[in-house]
Amino acid sequence: MGLRLTTKVQVSGWRFLLRRLEHAIVRRDTRMFDDPLQFYSRSIALGIVVAVLILAGAALLAYFKPQGKLGGTSLFTDRATNQLYVLLSGQLHPVYNLTSARLVLGNPANPATVKSSELSKLPMGQTVGIPGAPYATPVSAGSTSIWTLCDTVARADSTSPVVQTAVIAMPLEIDASIDPLQSHEAVLVSYQGETWIVTTKGRHAIDLTDRALTSSMGIPVTARPTPISEGMFNALPDMGPWQLPPIPAAGAPNSLGLPDDLVIGSVFQIHTDKGPQYYVVLPDGIAQVNATTAAALRATQAHGLVAPPAMVPSLVVRIAERVYPSPLPDEPLKIVSRPQDPALCWSWQRSAGDQSPQSTVLSGRHLPISPSAMNMGIKQIHGTATVYLDGGKFVALQSPDPRYTESMYYIDPQGVRYGVPNAETAKSLGLSSPQNAPWEIVRLLVDGPVLSKDAALLEHDTLPADPSPRKVPAGASGAP
């Protein structure tokens, strides 16, 4: 009896009946107007193919680049202990931090995680690295360099006020409670027994006992200076003392053709469409002065004049005009109350492309940072400031002495500055394009060790103990 072969039509019909039976069981519908079940089988087939490809790729990766094995790099991390090791001349050396390892290798390599059994196959050397160096050197993003130094005085009304210094390296939060000084505002401060007045330009020495000067400036007799820190004193530019330059031969008759009662050193005025203009008589001419200078000159010596006499403009224009270098501003000042506005800040900012930095003096009720950033402050142990940073900084400082080149520093998020000797060292740490920063503020940060390759290649038995550590505050997690 011969074999009876099936035809394609029979096979197709059999498959159709099976599909129809599936629809009857799963969907309870045998009409088969559509066939959604076909997608299930296709997805299963596709999933199997993808799984096979993934397994094949994993097998190839494990063969050509096995995990936990030596080879391909000289920087390793023990998978069991997380100890960092660097391979030097066939010896495996423990290293204190990633920064030291990168300095040793000369490139910003990342460690490969290796099994302890693999590391034990290599001869072991002494620990190398720079004690006290940062573990790594991350840098916060941003094209604008902003550095701010703030003094906050507590108990300003008392006989022993306390000054707290803060270093801020992050964008500022400026609002009505803390904002830049206006041209008519000033702050009275003291440093080492001397009195200074701080304006938008900087600090000026002033003698509060000179009532002729202070009354013309609108400084009340009840105004009292409050102390500032050494860092703030050095950061604020010295704009010279606020005192009137002496006038030679003051009180002598003039030889300029003016009335006899206008002796040298006296003040007169002319009326213009913009208001009165004041002039002081000098030995060889006259000099225009602002209203505050005129008031100060008259309060010092009025030369018998009850009020500045008015002169005819046509007479004045025929007299030689000179310059009287008065440092006083154009209008009386409003003295900021430190008990109400205890924070005094000097801010330095330079953006990419700026030819020179911009500095601003601010005053207000609190530090110019957000409330959330207030909790980020780090009170340094060996420094005098509390530091607020939004990440690491790589900065370049230009020395005012032309004999010296610029200095580069890496500043970690804890506010410790580390010297970077040159651009090659910076490159090995993954640092580039340093931002400018003011030495007046950076100098207040705690100075860490220099990050150099020679220092990283030194071997150590143990780390020296910190001679003056600080106990963790009570109430902190894990503290007694």
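Here, residue 1 is simply the first one shown, and the rest follow in order.
Backbone N, Cα and C atoms are what each Cβ position is placed from, and that goes for glycine too.
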Candidate ranges 1-22, 23-44, 243-264; Swiss-Prot annotation region 'Loop A' resolves to 243-264
Contact between the region 'Structural repeat A1/1' (72-135) and the region 'Loop B' (324-341) (3 or more Cβ pairs under 8 Å, separation 6+): no
Measure the Cβ-based neighbour count of C150 (disulfide bond), defined as the other Cβ atoms within 10 Å of its Cβ. 29
What counts of helix, strand and coil residues does DSSP assign across the region 'Structural repeat C2/4' (391-451)? 10 helix, 19 strand, 32 coil
Please work out the helix, strand and coil residue numbers for the region 'Loop A' (243-264) from the DSSP assignment. 0 helix, 0 strand, 22 coil
Count the Cβ atoms, other than its own, that fall within 10 Å of the Cβ of C345 (disulfide bond), considering every protein chain shown. 24
Could you put numbers on the helix, strand and coil content of the region 'Structural repeat A2/3' (265-323), residue by residue per DSSP? 14 helix, 22 strand, 23 coil
